[in-house]
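Lifted from TrEMBL, the feature list:
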type     : residues                      : note
BINDING  : 30-37, 149-152, I178, 186-189 : ATP binding site
ACT_SITE : H37                           : active site, proton donor
BINDING  : Q61, Q155                     : (R)-pantoate binding site
BINDING  : Q61                           : beta-alanine binding site
Amino acid sequence: MYTTQDIAAIRTQVRQWRLAGKTVAFVPTMGNLHQGHITLVTEALKRADHVVVSIFVNPMQFGQNEDLDAYPRTLAADQAALEAAGAELLFTPTPAIIYPKGMDKQTFVEVPGLSEELCGASRPGHFRGVATIVCKLFNIVQPDLALFGKKDFQQLMVIKAMVEDLSLPIEIVGVDTIRESSGLAMSSRNGYLSEAQKQQAAQLKRTLDEMAEAIAQGQAIPNVVQHAQEQLHHAGFKPDYLSVRNAADLSEVQADDKQLVILAAAFMGSTRLIDNLSFERA
Ligand code: PAF
């Protein structure tokens, strides 16, 4: 696997592949890779001839009091895992390469509406940062398709909306969340948790499962949400939000909506975890 910080080198290699009639898949990441990321690479290899990965801890998507500096950087281990998974090209730019004029003078991309609620309400500016870096990376790599984990359900929807709104010729593929045997969704931020907190945190997925079952059985959503909030408090979480939405567009649930998604963000200690569960009600 070839690792580079050079935008021109990425473009040259991808152009060569495309001239040879090959397809290119892209997996953007912030590094500190776990099985969820590796699954994105293996899924990418099923769909394309070549896989490009990026590792960039994007400062634009972190708020002032968030964990930008503490975010784990594990390049050597990440490179080994990506190489073993079959990725061929790794882009590892620095902030100065991505934002040479500084972030304040950087043109940005913002998906209105979707970016402002749920995680967007708790983390103002977060999805502007995500949309901007993903758009830039798409323009650098110019892939045929790009893969994202469904754990970041709202992020996936923001990216799909951006691609549609800006007519980008890239297929966006969402890949199912990979979980620990306890049910805890894999996340780089799980590394901040103690073993005891990891066990407690597994309650998040159990709560989502119970909520989906209760709603599918016809229980009123506000009651189900309130009960779940109490359950999460009891398990040691400080819930940030817990919301049931229409799975197609994250709008508020209407009486005849069938495809729903429960989205949750909750603090375990100082670590903010997110998870979601899509389900159908009769
Ligand atoms: O999901 C992530 O790791 C990041 O938000 C992404 C998509 C790589 C953009 O920085």
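Using N, Cα and C of the backbone, Cβ positions are placed for all residues, glycine too.
Within 10 Å of the C-beta of K150 (ATP binding site) there are 18 other C-beta atoms, taking all protein chains into account.
Only M30, of the recorded positions M30, L33, G36, H37, I178, S188, place a Cβ under 6 Å from an atom of ligand 1. The Cα atom of Q61 ((R)-pantoate binding site) lies nearest to that of M30, taking the recorded positions M30, L33, G36, H37, I178 as the candidates. Rounded to a whole number, the C-alpha distance linking Q155 ((R)-pantoate binding site) with I178 (ATP binding site) is 16 angstrom. The Cβ of I178 (ATP binding site) has H34, Q35, G36, T39, G149, A185, M186 as same-chain neighbours under 8 Å, each 6 or more residues away in sequence.
The number of other Cβ atoms within 10 Å of the Cβ belonging to L33 (ATP binding site), over all protein chains shown, comes to 25. Of the recorded residues, H37 (active site, proton donor) and K150 (ATP binding site) place their C-alpha atoms 11 Å from one another. In terms of local Cβ density within 10 Å, Q155 ranks first among the binding-site residues Q61, Q155, S188. Considering only the recorded positions M30, G36, H37, the Cβ with the fewest other Cβ atoms within 10 Å is that of M30. S188 (ATP binding site) falls within a helix when secondary structure is assigned with DSSP.
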